[in-house]
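Notes to accompany the following structure.
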Amino acid sequence: QSHLTATLLVSVLGAVLGPLQIGYHTGNVNAPARIIEEFFNSTWRARHNQSMSDHSLTLLWSLSVSIKDFGALLGSLGVKHLADSYGRNSILIANCLSVAAACIMFASKASGSFEVLILGRLVFGLFCGLVMSLNQLYIQEVSPTNLRGAFATLNQVSLASGILIGMQVAGLETTLGTKSNWAMMLSLSLIPALTQYLVLPFCPESPRYLLMNQGEERKAETLLRLRGHADKVSSELEEMKDEAAHTLTRVTVQDFLRKRSYRQPILIVLLVNLGSQLSGFNAIINYSTKMFQAKFNEAKYLTLGVGVVNVTFTLVAFFFMERAGRRKLLLIGFLSIGVCNFLMTIVDSVLHLVPELQSLQVLLVFCVVSAYELGPGPISWFIAAELFDQPGRPIAMALTSMVNWGGKFVLALLFPPLLKICGAYVYLIFTAVALLAFAVTWLRLPETKGRTFDDIAEEFRGAEGIPLHNSSRFNTFA
C-alpha cells in the first residue's frame, strides 16, 4: 500500500489539464449551436447572395461537431511513436496542437470564414487523439497499484468538468454564448494549455518508461520522488525488473496483432470501448440542447443539468473505483444504460399521446449520463493500460483512442439523420450496443483492481491466449 505524495498529486493534476481542454471544447458547441449556425449562414449569404438550405446547414453543423472526433481518430495513430520516443514530454508536444487550435478558432469570426472554425476543430481533434491516451499511460505508470484506478478516473473527472465549464461559459447568454463573444469563448482553452507548460516540466518521468523502455535503471530511481519511501521504491523496481525479464523490449503493430496472448485483451478493449461510445452518451452531450428544445422552453438549463450530473457521477466513480472494482462498475453501467435507452424508446414513442411524460424523459437522460460516468466512461479509457504489458501498452492505448474517437465521430455525424429517420427507435440501437458490451464484460473481463501489471498480463499468457479462471471468478459480479 503506497500513500499519496505531493509530487505524485502534482504530476497527476498537471497531466489531467489536457482532458479539461477536451471537455471544454466538447461542451461549448452545444448550447450556442444556433448562434454559430447563423454565423455559417451569414458567411454563406455574403459569398453567394442566398441563404444556405436547412439540410445543408444541418450537414455542415454535424461536420463541425464531428470533425474534432475525426481529427482525434487521426491523432491516435501517433500515440505509439510519441509514447515510445518521448515519454512524459509527449504530453507537452501534443499540447502545441491545442494552443494552435485555440488561436485558429478564435480567428474564424474575424476572418469571416466557417472553414477556419472547422480547421481549428480538426487540429484540436489531433490533440484529443494523442493526449487522452498519453495521459492515461503516464498516470497509470506513475501511480501505485492501490491508487491506479482512482487516479486514472481523474482523467474523466477533468473531462466532465471541462464539459460543464464549456456549457456554463458558452451555454448561457449572460456569459460568452453570444453573437459578439462566441469566438473569444472558443479560445479560453489556452488557459489550461499554458498552465500545463508551467507544471509538467517539473514533474518526474515515468519510472517504468525509464527502466523498461530506455534501460536507465539509475534514472528510474526518481520513483523515490513519487513514493516518498525507499523500501517501497526498491520493491516496486524489483517488480518492474521481473516483468521486463519475460517481456519483449519492443512490439511492432504486426507483433501486437499476431501475439496470441494479446488476442483476448484486444477483443475486450474493442467491445468495451465501442459499447461505451455507441451507447448514446455522446449523442446526449453533443445534441442535448436540440433534443430538449422541441419540448422545453429552458432547454439550455436542462443541458447544464446534464453537465452537473456528468461531473457528479465521475466523482462517484473516483471514490468507488478502488472499492467496487472495474468489472462491477462496468457491468452496472452497461446494464443501466441499456435499460434506460429501452425506456427512452417507449417514452419518446408515446410522448405525443402523454405529454406529461416529458419530465420522465429528462430523468432518463440524466440516468444514462450517470450510468455512463459510473463505469463505462472512465474505465474504457484506461482498461487497456491495465490489460497489456509494457511493450504492448502504447499500441493498446492507441487502439483505445482510435476506437473511442472513431465511435464518437460516427455517432456525432450520424445521430441527427438517424433521429430523423428512426425517430424514437434510434435508442434501441444504443440498447443493443450496451447489452452486447455488458455480455462481453461479464464473460471475458478479469478484475484488475489492486493487481500489478505483471499479474494481470500473466492471465493472458496461456498457450491459446485465454485467461485463466482464477479467484477473480470472471462470470460473477464479485
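Every residue gets a Cβ built from N, Cα and C, even glycine.
Unlike curated entries, TrEMBL annotations are predicted automatically.
Keep in mind it's a predicted model, so treat the numbers as computed, not measured.
Annotation source TrEMBL lists signal peptide at 1-18. Remote same-chain residues near the signal peptide (1-18) are listed as 91, 94-95, 98, 127, 131-132, 134-135, 138-139, 142-147, 151, 154-155, 157-158, 192-193, 195-196, 199-200, 202-204, 225-228, 232 (criterion: CB distance under 8 Å, separation of at least six residues from the stretch ends).
What TrEMBL records for 7-449 is domain 'Major facilitator superfamily (MFS) profile'.
TrEMBL lists 59-79 (among others) with the feature transmembrane segment.
Within the chain, the transmembrane segment (91-110) has long-range Cβ neighbours (under 8 A, six or more residues past its boundaries) at 15, 18, 21, 39, 75, 82, 116-117, 119-121, 123-124, 126-127, 130-131, 134-135, 138, 182-184, 186-190, 193-194, 196-197, 200-201. Under the heading transmembrane segment, TrEMBL lists 91-110 (among others).
Residues annotated as transmembrane segment in TrEMBL: 116-138 (among others).
The transmembrane segment annotation in TrEMBL covers 150-170 (among others). Beyond its flanks by at least six residues, the transmembrane segment (150-170) meets 12-13, 15-32, 132, 135-136, 139-140, 143, 176-177, 182, 185, 188, 285, 303-304, 306-308, 310-311, 314-315, 317-319, 321-322, 373, 377-379, 381-382, 385 of its own chain at Cβ-Cβ distances under 8 Å.
Annotation comment: TrEMBL describes 182-203 (among others) as transmembrane segment. Residues of the same chain lying 6 or more positions beyond the ends of the transmembrane segment (182-203) and with a Cβ under 8 Å from any Cβ of it are 7, 10-11, 13-15, 17-18, 20-21, 24-25, 28, 32, 35-36, 39, 88, 91-92, 95, 98-99, 101-103, 105-110, 117, 120, 124, 169-170, 175-176.
Look at TrEMBL and you will find 266-289 (among others) tagged as transmembrane segment.
Sequence annotations record features per position, and here TrEMBL assigns transmembrane segment to 301-320 (among others).
The annotation transmembrane segment is assigned in TrEMBL to 329-354 (among others). Sequence-distant contacts of the transmembrane segment (329-354) (same chain, six or more residues past either end, CB-CB distance under 8 Å): 272, 275, 279-281, 295, 317, 320-321, 360-361, 364-365, 367-368, 371-372, 374-377, 379, 423-425, 427-428, 430-431, 434-435, 437-438, 441-442, 445, 477.
What TrEMBL records for 360-383 (among others) is transmembrane segment.
Annotation comment: TrEMBL describes 395-418 (among others) as transmembrane segment.
Distant neighbours of the transmembrane segment (424-443): 267-268, 271-272, 274-276, 278-280, 283, 327, 330-331, 334-335, 337-338, 341-342, 344-345, 347-349, 376, 415, 418, 474-475; these residues of the same chain sit at least 6 beyond its ends, with a Cβ under 8 Å from one of its Cβ atoms. The feature transmembrane segment is assigned by TrEMBL to 424-443 (among others).
A Cβ distance under 8 Å defines the sequence-distant neighbours of the transmembrane segment (301-320), meaning residues of its chain 6+ beyond its ends; these are 27, 30-31, 150, 153-154, 156-157, 159-161, 163-164, 167-168, 171-172, 284-285, 288-289, 292, 329, 362, 365-366, 369-375, 377-378.
Across the domain 'Major facilitator superfamily (MFS) profile' (7-449), mean pLDDT in this model comes to 87.
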